[in-house]
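J.: Take a look at the following structure, please.
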Amino acid sequence: MESRLGWLTRLNYDTGSALRRTSIIGTIGPKTNNPETLVELRKAGLNIVRMNFSHGSYEYHQSVIDNARKSEELYPGRPLAIALDTKGPEIRTGTTVDNVDYPIPPNHEMIFTTDDQYAKSCDDKVMFVDYKNITKVIEKGRVIYVDDGVLSFEVLEVVDDKTLKVKSLNAGKICSHKGVNLPGTDVDLPALSEKDKSDLRFGVKNGVHMVFASFIRTAGDILTIREILGEDGKDIKIIAKIENQQGVNNFDEILKVTDGVMVARGDLGIEIPAPQVFAVQKMLIAKCNLAGKPVICATQMLESMTYNPRPTRAEVSDVGNAVLDGADCVMLSGETAKGIYPINAVKTMAETALIAEQAIPYVPTYDDLRNLTPKPTPTSETIAAAAVAATFEQKAKAIVVLSTSGDTTRLVSKYKPNVPIVMVTRNPRAARYCHLHRGVFPFVYEQEAADEWTDDVEARLNFGVEKSKELGILSEGDTIVTIQGFASGVGHSNTLRVLTV
């Protein structure tokens, strides 16, 4: 049996003609929000466009959607997915007098209050916080972080139902409208703000393909979002962003109801001790892999490339290790939203992911997934797992899946084949969703269905093979494994074949 250590001792990091299978998500900002730049980003490796709804107007986000679709007209290439990242429930400070930034020395004592009369008149003596229940949930001795942890305060006393007495633990400046984190404290904020609800309705109206749901704490939060998306948004995939201790604690229940997960390490690294983040990342990714749910690794992956043309060695290792952990997607934030080198950042991420994929011990990984998956599995999963096993034995170059909904494609991706998964579908939305799953290369078949089912199967299969040749996945004489159904529609994938191109 192949071992992980044995695989690594023989590691060949020459990628040759291999194609990257990890998807790349890029946040679009003013510097990249035009069709021409989006085309270049896609050529560099971008698969999913992210809109950050913490910033920008509806007019701006509409322009991102329009430009993303225009880029596909200019450069058809592979289908491009569009994701809406919600602002989510959050806690913020009030407005300082004249918007002045007040210096705070260490051991400075002051008041945090939820009294609305201070909302627009904060200073270095009294700071308004917009979370009304903060005095009910926090305890003496707890730490409060302001501005992503730039300032830390210890709670000295819960004075009354509106007032906390706090002491600064370090020097800094207290400013208007900064984020507030309460590490180790369970908060009872609503799953969605009114802004979030409006944003989701905007996303449904504009046909976004996925929602990155911020600050998910319970499974109920996902169900609330699904309710807001409604019938018109029933096909939108919900990706739960795990950003706090509550989300980690309730992860198993969240995983059951979400379509996928994002390990959002920014706020997570504030809410839990930073040294624990890498371990939590590995645990969450492993659970997603076993469940067959897509998982995204995000935040500061190539942060230095916001202003520098080359990444740090630690950043390259971070991207590579996220791929080795089992992430389906890796994400760029400021690097592509406001950075000086957005295209280079995507290229760097693509090149790093490609090399990292050569380091994955595919057979041991497959064995782990098969052994740990509860039996019996549904027919479609049994076929998917068998297809991946067949690629190892037959030395196949690709798995071609004729798919309607994309679910069988998801299951094939779960078992981490060492070859591309070529998805042929008539469903353009399913083709875009599948970028959430590692290794999937989608092609939309636009021809009407043939009268004879077998003729239609062969036509779609030939289409997938020809497109794969164009992309460099297949050549004449290559062996492929195919999955198809015995009838049209969803849920009939039960036939596996081994063919020669």
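Quick reminder: no glycine exception, Cβ is built from N, Cα and C everywhere.
Since we're looking at a predicted model, the values are computed, not measured.
I grabbed these lines from Swiss-Prot:
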BINDING   Arg50, Gly266, Asp267, Thr299  substrate binding site
BINDING   Asn52, Ser54, Asp85, Thr86  K(+) binding site
BINDING   Asn52, Phe53, Ser54, His55, Arg92, Lys178  ATP binding site
BINDING   Glu243, Asp267  Mg(2+) binding site
SITE      Lys241  site 'Transition state stabilizer'
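For each feature listed, report its degree of burial, its nearest neighbours and the pertinent distances within the displayed model.
T.: Other C-beta atoms found within 10 angstroms of the C-beta of Gly266 (substrate binding site) number 15, with every protein chain shown included.
Annotation for Asp85 (K(+) binding site): same-chain Cβ neighbours under 8 Å, separated by at least 6 residues, are Thr27, Arg50, Met51, Asn52, Phe53, Ser54, Val211, Phe212, Ser214, Lys241.
DSSP assigns Ser54 (K(+) binding site) to coil in the three-state reduction, outside any helix or strand.
Secondary structure from DSSP puts Glu243 (Mg(2+) binding site) in coil. In the structure as shown, the Cβ atom of Glu243 (Mg(2+) binding site) sits within 10 Å of 26 other Cβ atoms.
Cβ contacts within 10 Å of Lys241 (site 'Transition state stabilizer'), excluding its own Cβ and spanning all protein chains shown: 25.
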J.: Among the binding-site residues Thr86, Thr299, point out the residue whose Cβ has the most other Cβ atoms within 10 Å, with all shown protein chains included in the count.
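T.: Answer by Cβ density within 10 Å: Thr86.
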J.: Using Cα coordinates, what distance in whole Å links Glu243 (Mg(2+) binding site) and Thr86 (K(+) binding site)?
T.: 13
J.: State which of the following binding-site residues has the fewest other Cβ atoms within 10 Å around its Cβ: Arg50, His55, Arg92, Lys178.
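T.: Least crowded of the binding-site residues Arg50, His55, Arg92, Lys178, by Cβ count within 10 Å, is His55.
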J.: Let me know how many other Cβ atoms fall within 10 Å of the Cβ of Phe53 (ATP binding site).
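T.: A 10 Å sphere around the Cβ of Phe53 (ATP binding site) contains 23 other Cβ atoms.
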J.: Can you give me the Cα-Cα distance between Arg92 (ATP binding site) and Thr299 (substrate binding site) in Å, rounded to a whole number?
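T.: About 21 Å separate the Cα atoms of these two residues.
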J.: According to DSSP, which kind of secondary structure is Gly266 (substrate binding site) found in, if we only use helix, strand and coil?
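T.: The residue in question, Gly266 (substrate binding site), is helix (DSSP, three-state).
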J.: So for Asn52 (K(+) binding site), how many other CB atoms are inside 10 Å of its CB?
T.: 21
J.: Closest of the binding-site residues to Lys178 (ATP binding site), Cα to Cα, picking from Thr86, Asp267, Thr299?
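T.: For Lys178 (ATP binding site), the spatially nearest of the binding-site residues is Asp267.
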